[in-house]
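As written in TrEMBL, here are the features:
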type: COMPBIAS; residues: 56-67; note: compositional bias 'Basic and acidic residues'
type: COMPBIAS; residues: 68-77; note: compositional bias 'Polar residues'
type: COMPBIAS; residues: 89-105; note: compositional bias 'Polar residues'
type: DOMAIN; residues: 137-243; note: domain 'Calponin-homology (CH)'
type: REGION; residues: 1-23; note: region 'Disordered'
type: REGION; residues: 50-123; note: region 'Disordered'
Amino acid sequence: MESKADGGSPSITSEELAAIEDEDILNKMLDNASDFEERRMIRAALRDLLKKKRDKREQERGSRQQDLRQQGLSKSGSMGGTVSIGRASMNQQPPTNKPTGQPSLSACPPFNRSGGGVGPATVSAQKCPQAVAPNAKNVKQMLLDWCRAKTEPYEGVDIQNFSSSWKDGIAFCALVHRFFPDAFEYSILNPNKPRDNFQLAFSTAERLAGCPPLLDADDLVRMKEPDWKCVYTYIQEFYRCLVEKGLVKTKKRP
């Protein structure tokens with residue numbers, strides 16, 4: 001089903017969009033649509049589809065948990081004792097490593113490692129690289145606008161900067177999912193499990209886009225907010241990889 005917007009009324013109805021259950025098709029239609037009203041309808045259809053998938057998955061999860069509870073109660077009655085059914089393990093977040101002393105800086109790209117030995121002073125100064133291009137401010141804003149546009153249909157994503165907007169990993173997942181919708185199920189992601197989200201996004205981007213893992217999930221979860229220069233550098237590299245694979249139309253790199 002293709003968009004045929006010609007400046008008049010949208011060439012597709014809300015009912016027709018609601019019947020489409022393939023995220024990839026809706027994403028392609030959104031990229032090709034030029035009519036404002038048609039783009040609004042497609043974005044709404046994408047949000048509804050993602051919500052429908054999430055609700056379905058949560059309903060299935062609830063049914064599985066209910067089955068487990070019943071099985072646990074059955075075993076408890078037959079054995080005459082108490083049997084734990086692992087509710088804590090099902091809902092518990094993965095343990096986070098407590099920061100000890102000097103935090104690891106491997107979340108930033110390994111720039112300038114060829115000098116002499118790395119002493120304490122060198123480690124503390126080894127931050128992410130400063131943006132040095134004369135038009136870096138304009139490039140940064142263009143890349144931020146691109147991220148915002150690509151993740152607009154995704155619930156739970158509101159990209160306002162390159163730091164706090166990415167701290168739970170959901171924005172990374174949404175951006176990767178936009179270009180590789182079959183790689184994983186977005187609707188089941190949990191913002192309370194940032195390490196899992198970071199690992200999923202970075203591993204998928206590396207496997208399917210060839211994007212090097214410049215960021216480290218364990219280091220990111222230790223930070224209150226990610227360093228914007230680290231996130232900015234990673235997104236630039238992801239964009240470059242997409243251009244090389246022909247997944248982004250423009251050949252200009254932000």
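Cβ atoms here come from the backbone N, Cα and C positions, even for glycine.
Unlike curated records, TrEMBL annotations are generated automatically.
Given the structure is predicted, the values throughout are model-derived calculations rather than measurements.
For the domain 'Calponin-homology (CH)' (137-243), the model's pLDDT averages out at 95. The DSSP breakdown of the compositional bias 'Basic and acidic residues' (56-67) into helical (H, G, I), extended (E, B) and coil residues amounts to 12 helix, 0 strand, 0 coil.
Residue counts for the domain 'Calponin-homology (CH)' (137-243) by DSSP state, with H, G and I taken as helix and E and B as strand, are 69 helix, 0 strand, 38 coil.
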